[in-house]
């Protein structure tokens, strides 16, 4: 196998060919930096966090595939993943995970001690998450914590503290993550039931759409409070309204609980997050 072919496999293992996860991680992280800075964040901090999100998302994907390597081959959507298909060895995957983790830690060391301390919690959460699908019906709720951890880190990097407003944004992103990752889990629900993987899509059962709606409403409320705490104005409010519109569209997509529309609803959350981030940024400009 050529070096080019091997590199392509490593990139797929790190999910570099599917940026949706990186984008969903990026928008709340950037929102946190903007809110913490009261506008334009420090350029060094901004660059470190953008690179860090990409690297840590790759770490999360690699350790997730390691944990699920024996199950992914039985799930239609995941059977072609490099570890499940045997394109890379466990040793190669774990080596890549360590390398990416060291890169992420090197980035963190350029920031203040509080960020470094928070980063240890972040990597532990990242490693634990894939295994929660074995012993809890609520792995999406744990993922919400993992995917929101960049928010207190962003505030710490920008201000040296983690104020109350940061935790409102954390709560908003946690609720939003549970909502969209449950949509994602609805895609795999039938396969997950066969192989014994647990998820909120299975836990919520016939009430899945209603519970997702509740989490969307809770996320909306927390985003509003976070904006109010930061004294945001009309443009941010328009972003909130746009976020509501995307949420309603997602509810329409998941109504029939079919795989393709549910996956489309999950992907649509990228635009919901982008619209809210852009609205926040423009709100500071005007």
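From the backbone N, Cα and C atoms, a Cβ is placed for every residue, glycine too.
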Students should find that the transmembrane segment stretch in Swiss-Prot, chosen from 234-254, 255-275, is 234-254
As Swiss-Prot has it, transmembrane segment corresponds, among 121-141, 142-162, to residues 142-162
Region pair the transmembrane segment (167-187) / the transmembrane segment (20-40), three or more CB pairs under 8 Å: yes
The recorded stretch from 142-162, 210-230, 234-254 sharing the largest number of CB pairs under 8 A with the transmembrane segment (20-40) is 142-162
